[in-house]
Amino acid sequence: MVRMEDIISLAKRKGFVFQSSEVYGGLSGVWDYGPLGIELKENIKREWWKSMVYLHENIVGLDSAIFMRSEIWKASGHIDGFSDSMVDCKDCKSRFRADFVDLSKNCPNCKVGNNFTSPRNFNLMFKTHIGVVEDSSSEIYLRPETAQGIFVNFRNVLDSSRLKIPFGIAQVGKAFRNEIVAKNFIFRTCEFEQMEMQFFVHPKQIDEWFCYWQQNRMNFFIETLKIRPDRLRLKAHNSTELAHYAKSAFDIEYEFPFGFQEIEGIHNRGNYDLTQHSKFSNNSKVFEYHDLLTKERYVPYVIETSAGLTRSVLMTLCDAYSEEELSDGDKRIVLRLHPKLAPYKIAIFPLVKKVELVEVARRIYVELCDDFHIFYDDSGTIGKRYRRQDEIGTPYCVTVDYNTIEDETVTVRERNNMTQKRIFINDLYSYIKTEILNYKEDVNK
């Protein structure tokens with residue numbers, strides 16, 4: 001099992017993730033995504049969007065605002081009920097979520113004793129004001145979830161897209177939670193991104209579609225992101241774990257170095273949200289569906305799939321990370337990412353920094369950069385350049401050498417098994433495209 005400290009070291013060293021405000025001492029629970037991190041994050045997001053919107057004719061996209069009227073959060077139950085229970089250790093002053101510690105045992109931080117304060121609720125929403133006057137009428141919140149932006153746009157999307165039940169609305173966006181304890185690197189943070197889809201169905205079809213989306217979402221991680229199946233599991237919520245809006249729920253969990261944790265939730269939200277907004281807005285018809293064939297009018301039930309994008313980045317790094325002992329006794333760190341997720345698809349090297357080789361390498365870069373994200377490197381030994389690309393997950397390295405000048409061929413080196421092939425420059429585009437399309441995950445990953 002990979003160690004968390006190895007993932008954090010790689011992420012910071014190679015430019016996947018940086019501590020926010022680091023030059024000022026850092027800000028707990030907040031992270032910046034570097035040049036490689038943003039590429040990996042965008043690639044995961046792109047695959048999710050494709051799997052949701054492009055592969056389902058009855059699912060469309062939305063990008064709702066972060067700021068919304070506070071009445072929305074009153075209706076959804078977040079103002080009154082979106083809180084965690086917290087306790088403080090009286091000896092070391094550390095703060096914990098009450099459900100994360102055994103109050104009958106010693107403090108996990110100072111180990112002195114179980115001298116905890118009584119549990120008290122802590123609302124997780126960030127409150128601010130909009131406009132020039134700071135009073136109760138101008139109170140506004142940073143959204144703690146993206147779902148409510150979908151629900152209040154139910155009628156807008158339904159009418160403008162000419163959709164019929166069942167249909168879904170997908171959204172990727174930032175959410176904010178004032179976590180009592182932000183921990184485990186980018187797993188639990190105050191600012192994060194969600195990939196959510198709300199699927200609206202007839203109440204009598206809720207069980208059928210609930211089962212469908214459980215399987216569909218598990219398949220996404222296994223078949224699309226190529227996450228190892230033995231590190232994934234589907235876990236049902238018991239009645240005490242259900243959110244205030246959920247009738248039933250399942251989590252897809254991944255086995256991180258710190259144990260199995262949720263990466264996506266599939267929830268049967270019933271008609272809770274649409275009914276609440278119907279009541280609080282005094283506009284019931286907006287949240288009602290009229291079936292023109294059966295003449296039936298009803299408030300749809302909702303199945304939610306809610307995945308953490310930033311958690312998915314951490315999962316992908318953990319799942320792809322490997323260390324190998326080579327025959328010469330050296331150690332090789334490899335990120336065995338699927339090529340479609342890799343920040344760079346190709347690295348191009350002139351064997352040595354000679355004008356005639358650099359010119360050809362630059363020409364290849366220009367010819368391919370419109371179709372592939374490419375890293376160009378002409379410094380250091382070829383072996384060190386290979387190792388640098390292995391560490392960041394680049395699947396293919398193209399080397400221009402003196403034979404290239406004679407026969408217009410280059411060496412293509414594959415990341416996982418380090419095999420090399422001579423390929424004509426004119427065939428590079430089709431070769432790389434075919435390799436990515438037919439990529440098989442490494443069984444030794």
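Using the three backbone atoms N, Cα and C, a Cβ is placed for every residue, glycine included.
The shown structure was predicted, so the numbers you read here are calculated from the model rather than taken from an experiment.
For R97, E145, F192, E193, Q194, M195, E196, E304, T305, S306, A307, G308, the entry in Swiss-Prot reads substrate binding site. Annotation comment: Swiss-Prot describes 177-179, 187-192, 262-263, 308-311 as ATP binding site, evidence class sequence analysis.
Considering only the binding-site residues R188, I263, L309, E196 (substrate binding site) has L309 as its nearest partner by CA-CA distance. Within the same chain, residues at least six positions away from R177 (ATP binding site) with a Cβ under 8 Å of its Cβ are L124, M125, F126, P144, C190, F192.
Cα-Cα distances to Q194 (substrate binding site) place L309, R311 within 10 Å, out of the binding-site residues E179, R188, L309, R311. Around T305 (substrate binding site), the same-chain residues at least 6 positions away in sequence with a Cβ under 8 Å from its Cβ are E196, M197, F199, W213, R217, E264, G265, I266. In the three-state DSSP classification, E179 (ATP binding site) falls within coil. If you draw a 10 Å sphere around the CB of C190 (ATP binding site), it holds 19 other CB atoms from the protein chains shown. When the Cα atoms are compared, L309 (ATP binding site) and R97 (substrate binding site) turn out to be 23 Å apart. Residue annotation for substrate gives R97, E145, F192, E193, Q194, M195, E196, E304, T305, S306, A307, G308. The furthest Cα pair among them is separated by 26 Å.
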